[in-house]
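Data first, discussion second: the structure below is written as structure tokens.
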Amino acid sequence: MAVFRGIFLGLVVVTLVVSATLSAAHLDGFNFGSGGSQTHDLFPQFYQSSCPQVNDIVISVLQRAIEKNPRVAAFLIRLHFHDCFAQGCDASVLLDNSTTIISEKGAKPNVNSLRGFEVIDEMKAKLEEACPLTVSCADIVALAARGSTVLSGGPDWVLPLGRRDSKTASFESSNRDIPAPLPDLSALITTFERQGLDETDLVALSGGHTIGFAKCSFVRQTRKSVCPGRGGDNTPAPLDFVSPTRFDNSYFKLILGGHGLLPSDQVLLTGNGRQVANESLFFQQFAKSMVKMGNINPLTGLKGQVRKNCRRVN
């Protein structure tokens, strides 16, 4: 536990550095920011020749979706997380039930809570018109998560691409490997370590909750002003009530003040020496950790397929 506190306190400092919001001009190329190592045959220029407009199409759909419902950004970041933690970043989470597939959508961490599928469907349809059977659903999910972060005011990063889509889903892996919102730090660390992620990644990725929401069934005691005393279990409560649709470090500041919404986040900051998180450092580490998470067991080369419809295998 002491080691973890040391790692976390290395991520926070006394002064708050406010990072400038990324301008719309930054969106087109996504060719800056802190990236991770290119692993598993993934590389940022994967679609440079086969579908050079892939980012433009994803962002165009995403901008319209977020304008209609700002919560879409959080939906898509969470969708990428849940996809990668169950069987790897292979778009298995998008598959519907069929005669051969038990969908991950019905697993406990996902059922009646995982959203954003229709936005991915629209992106895929547009990409199929422009570049048939070229851009994988797994890469669309990764691109959508990055775009959602940027459009919400968060960091950009160089994103390795080239993932392929699985032909299977894993209901069991979703139930086993996706972290539960429970106040057990050792269990959280173990869950992340199984995916090749460390404690620094755990803290940074938890910061993504800055634009998230949780059901009142999980947070009634910590959000009494939002959640009804009885019933209303499915009522959404913002995890960051200061700036719920802006990607910043205010959620860390709320946790540091003892106002974390999810027990799994509040437990990160046990101990003394609580300080104000440096937003610039958080942005840098979040970008690195997202690249690292996006490299969890991808299918590449001749493995898997590029689905024509993200909800079913070809």
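Each residue, glycine too, has its Cβ placed from N, Cα and C.
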Disulphide pairing with Cys310 per TrEMBL - partner from Cys89, Cys131, Cys137: Cys137
As recorded in TrEMBL, which of Cys51, Cys89 forms the disulphide with Cys84: Cys89
Minimum Cα separation from Cys310 (disulfide bond), reported as the residue among recorded positions Arg78, Cys89, His209, Thr210 that achieves it: Cys89
Of Cys84, Thr210, Asp248, i.e. the recorded positions, those within 10 Å of Asp90 (Ca(2+) 1 binding site) when Cα atoms are compared: Cys84
Arg78 (site 'Transition state stabilizer') and His209 (heme b binding site), distance between Cα atoms, whole Å: 9
When distances run from the Cα of Ser92 (Ca(2+) 1 binding site) to each of the disulfide-bonded residues Cys51, Cys84, Cys131, the nearest one: Cys84
